[in-house]
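Beneath this line is the structure, given in structure tokens, with notes to follow.
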Ligand SMILES: C=C(O[C@@H]1C=C(C(=O)O)C=C[C@H]1O)C(=O)O
């Protein structure tokens with residue numbers, strides 16, 4: 001076939017795709033009307049996951065799973081925006097990994113608000129300035145982002161969904177001589193993810209490591225100050241026009257970060273592949289066995305606990321803790337309902353949502 005005839009065929013398929021997408025949009029609009037009359041939320045991550053799984057399982061063509069996801073997540077986001085424009089805040093400035101995570105769920109059509117701190121993202125959702133807020137919660141090599149964990153206790157928000165993305169860091173600076181660098185900016189947890197590179201490259205040099213609110217803020221600072229550097233995403237380095245001196249400087253090439261999509265009120269229907277996040281403030285943790293019994297109540301009902309994080313209660317001079325827990329399953333599952341009823345005064349549900357890939 002000639003180039004021209006191949007392109008003619010592509011044009012014909014695009015025409016069909018456009019017709020089909022418009023037909024799809026008409027159905028989405030009707031769903032939107034039903035939701036409005038029932039006063040329920042537009043965004044249904046569990047339904048979107050169901051569609052992705054179905055398409056993936058029946059796919060026999062050239063598109064792989066990641067390609068199907070990229071295309072359809074954008075279709076969903078466009079559909080939702082035509083039903084109701086979505087406003088989404090994230091830990092900025094632009095180009096942060098949180099920005100990438102936000103775009104992976106909310107696509108190109110949502111209205112984004114880059115905020116300077118994790119706290120301000122929580123507050124923007126709390127006050128209704130945005131419907132959704134995106135914050136990092138943990139990295140698979142370096143553990144949790146404490147600020148997010150503590151704000152989950154302090155604020156009364158819900159987890160609507162999670163997103164996980166691979167994280168690769170660049171070392172961006174305007175100077176080519178490492179010995180000239182006086183300050184290196186990044187987020188605290190990002191320094192730790194690149195500790196090997198930093199130890200190897202800056203041993204014996206005088207650079208000061210300065211933690212800032214986000215990796216894109218680091219890029220912005222490195223753009224303003226010639227003798228400094230940033231550990232940031234390639235996108236941030238490009239966006240703020242800071243030359244990249246080294247690429248992929250993270251300790252592990254399987255480095256991944258998990259982000260939460262926060263909303264004020266949000267309830268997902270069970271999808272069959274959910275996880276649940278809870279907060280526990282147990283009474284009498286001074287008595288022997290209180291924590292063990294609590295954990296045992298999950299085990300006794302066959303619930304797989306996947307995470308427990310202790311954080312200080314900050315009640316005076318004591319060393320007492322509250323716990324953030326995650327388990328498999330949905331809060332509507334009878335077993336989990338049972339545990340929550342048993343500990344009704346001590347446990348708060350943050351959300352049940354589709355487990356990320
Ligand atoms: C159309 C719906 O609303 C939204 C858009 C979806 C879509 O484009 O398929 C799927 C789930 C929702 O996030 C729905 O709930 O079915």
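For all residues, glycine too, the Cβ spot is worked out from N, Cα and C.
Because the structure is a prediction, the values reported are computed rather than measured.
These features come from TrEMBL:
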type: DOMAIN; residues: 1-87; note: domain 'Chorismate mutase'
type: COILED; residues: 3-30; note: coiled coil
type: DOMAIN; residues: 87-264; note: domain 'Prephenate dehydratase'
type: SITE; residues: 257; note: site 'Essential for prephenate dehydratase activity'
type: DOMAIN; residues: 279-357; note: domain 'ACT'
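Sorting the domain 'Chorismate mutase' (1-87) by DSSP state (H, G, I as helix; E, B as strand; all else coil) yields 69 helix, 1 strand, 17 coil. The predicted model assigns the domain 'Prephenate dehydratase' (87-264) a mean pLDDT of 96. Helix first, then strand, then coil: DSSP counts for the domain 'ACT' (279-357) stand at 20 helix, 26 strand, 33 coil. Under the DSSP three-state reduction, residue 257 (site 'Essential for prephenate dehydratase activity') is assigned to strand.
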